[in-house]
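Visitor: This is the structure I have questions about; it appears just below.
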C-alpha cells in the first residue's frame, strides 16, 4: 500500500509499504528514506483519524485509506551548543605554548627564519651537545625556534578565536531563538495550521482551544487534542481573566530580572528543575498574565530574553514542555501591587478583573501610545505591544499590523 504522510510544516511525501508490516516498520522506513536527523524513529509520532498509531500494531488494523494522509510529528532532540570547550582548548593550547617556551633552555641562537618550522622533528642542530635521545632535542630546538617568534604566533591565536567566538556566539544565540520559536505559528500560518489540524477530524473550536493552550505550538496542540488539555486552561480563562495592561512594563523587566538570576539558575539546576526559579519571580507572574491573554506576544518575549540572557533562552529551549506548563498555570492575584505613587508623569488605566491597574508612563511614551491607538488598534493591545517591543514605536506598529485580531 502507498501511505501518504504529511508533517505539520506542510511537507508531504509517500511511503510504499506492505500493510502487514507494523507501525514501527513504517517509522523505520521513514527514517531510512528521509534521514535519521530529520525523522528519527524514537522521535516520530504517527497520527491517523485523531489516534496515535501503536508501534506494535499492523498497519492494516488501522484501515488507512490511501486517499487520506497520516500526520507525522517529530520531537527533535535537544541541541546542546556550548562554545565553552573551545575556549578551554584555546586556553589549554595557549598554556602549553607558554609552558613549552618557558621550559626551553635559554640558549641564544640565531632566530630561525620561518616560525612555521616549529613542529619540524629534525631541526638544524647548531650545538646539540648532549644527544641522549632523538626525541629530546626536537622539543628543545623547537622551543628555541618558538622563542623569537613567540609574540607573532600568540597574536593570531589571541585575536582569531575571539572574533570567531563572537560570531559563533551571535549565531548560537540566533539559533537558540530560532529553536525556541520555530514551532510557533502566527498570522496567516496560524489560520493554515488551524485548517490543517481540522482536517484530522477535530472541530475548529477544539483546535483553537488547543493552540491557545499550547501558545500556538502546533506539535503541542495536536498532543493536547489527543491527550487532553492539561488543567483545562480554557475554563481558567473564563473564570479568571488576567488583567490586560498591568503587565506591559514587566515584559522588559522579565529579561532584566532573569539576567540577575543567572546564579539562581545554576544553583537550582542541581537541586530541582532549571526553570523552577522563575516561579518566585514577580516579573514571571506578570509575564504569564500577558502571555495567557495574547499568546502571539511570546516570540517577542523570547527574542528579548535571547538578547539579554542567552543562557535562560537555552534553558527554555531545552525544557519547552515545562516552560509551557508553567505558562499555563493559573495566574495568582497580585494583591495591592499595581498602586504606587502618581508622580508628574502620565498614567494609563484599564479595568481588569474588577479593579483598575495603572502603568506610569512618560509624556513621550503616552504620545507614542496615542499615535499607535490612532492606527485603529485597541488600547489594551497597543499597550501590550508597545512594552513588549521595548517601547519601540515602529516595531510595535509592525507587530500590531501583523496580528489577526479577528481571532481574538
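Glycine is treated like the rest: Cβ placed from N, Cα and C.
Note that the coordinates shown come from a computational prediction; the quantities given were computed from them, not determined experimentally.
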Visitor: From the ranges 236-274, 275-313, 314-352, pick the one that Swiss-Prot records as region 'Disordered'.
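Guide: Checked against Swiss-Prot: region 'Disordered' maps to 236-274.
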Visitor: Over the span of the domain 'UBA 1' (188-228), count residues by DSSP class, listing helix, strand and coil in order.
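Guide: Across the domain 'UBA 1' (188-228), DSSP assigns the residues as follows: 31 helix, 0 strand, 10 coil.
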Visitor: If you average per-residue pLDDT over the domain 'Ubiquitin-like' (1-79), what number do you get?
Guide: 87
Visitor: What stretch in 1-79, 273-316, 363-403 has the biggest tally of Cβ pairs under 8 Å against the domain 'UBA 1' (188-228)?
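Guide: Selected stretch: 1-79, with the most Cβ pairs under 8 Å.
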Visitor: Using DSSP, what's the helix, strand and coil tally for the domain 'Ubiquitin-like' (1-79)?
Guide: 19 helix, 26 strand, 34 coil
Visitor: State the count of C-beta atoms found within 10 angstroms of the C-beta of residue 202 (phosphotyrosine), not counting that atom itself.
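Guide: Result for residue 202 (phosphotyrosine): 19 other Cβ atoms within 10 Å.
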